[in-house]
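**Student:** Residues annotated as domain 'Orotidine 5'-phosphate decarboxylase' in TrEMBL: 11-227. The substrate binding site annotation in TrEMBL covers 17, 39, 66-75, 121, 182, 191, 211-212. Annotated active site, proton donor per TrEMBL: 68, in sequence order.
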Ligand SMILES: O=c1ccn([C@@H]2O[C@H](COP(=O)(O)O)[C@@H](O)[C@H]2O)c(=O)[nH]1
């Protein structure tokens, strides 16, 4: 599906950052038909959550497997080839050229879409410099986006702050997936580059990833539906 055709409801990806498969399944049940797209990341994957990718996909949900792979190209390629069998829609790799090239080789002709993580949303310029990078956030995100596109990556993970500039670089067909989403008044936690759902969509994001504001809420379904309503309003 082309990004412009995605229904507002399907643009919310809820991060199942929960301690066990039982807790994740209970959250999916609680969210019911409201949420169609889930993200499984480190916490759940390392707690036995990989089979849940296939279970959710078989039940009609979409799954974003956020493993942020990064290794020598051959290892990434072999890992991605294994992951193609799980039924995920999206898989993340870090946006290093060897890593992205290996991932594209491993993905082969499967339907799995590869997302390159440009610069983590918990990083600002100072964090990048402390990690030894010469470029600031916006320069590094844009440079990595150009490399990702040239290597055949399907989408980018960035903060919504970079979505507008990225759209101009990669065009309309590349999926822009943005964590760092905070409904007005929500705690930012460790996220440093954040936006509200409505502003993120207006800035050009295709998908919004939201974890703690939904899964730690007393009424997760109400929060998820409020975010979806904000998305719909921003799309007009
Ligand atoms: O740059 C990135 C890449 C991935 N993430 C992931 O998204 C969610 C965000 O969770 P919140 O609780 O809404 O902050 C989390 O699983 C991260 O691993 C990201 O935040 N930034």
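Each residue, glycine too, has its Cβ placed from N, Cα and C.
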**Student:** Please check the recorded positions 17, 67, 68, 70, 121, 211 against ligand 1 and give me the ones with CB under 6 A, sequence order.
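**Tutor:** Once distances to ligand 1 are taken from each Cβ, 17, 121, 211 fall under 6 Å.
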**Student:** Three states by DSSP: which one describes residue 211 (substrate binding site)?
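**Tutor:** DSSP call for residue 211 (substrate binding site): coil, neither helix nor strand.
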**Student:** Measure from the Cβ of residue 67 (substrate binding site) and count the other Cβ atoms within 10 Å, all protein chains considered.
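**Tutor:** Here the count is 18.
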**Student:** With Cβ-Cβ distance below 8 Å and at least 6 positions apart along the chain, what are the contacts of residue 121 (substrate binding site)? List them in sequence order.
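**Tutor:** Result: 158, 159, 178, 179, 180, 191, 192, 193, 194.
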**Student:** Around residue 68 (active site, proton donor), which residues of its chain at least 6 apart sit with Cβ under 8 Å of its Cβ?
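**Tutor:** Non-local contacts for residue 68 (active site, proton donor): 92, 93, 94, 117.
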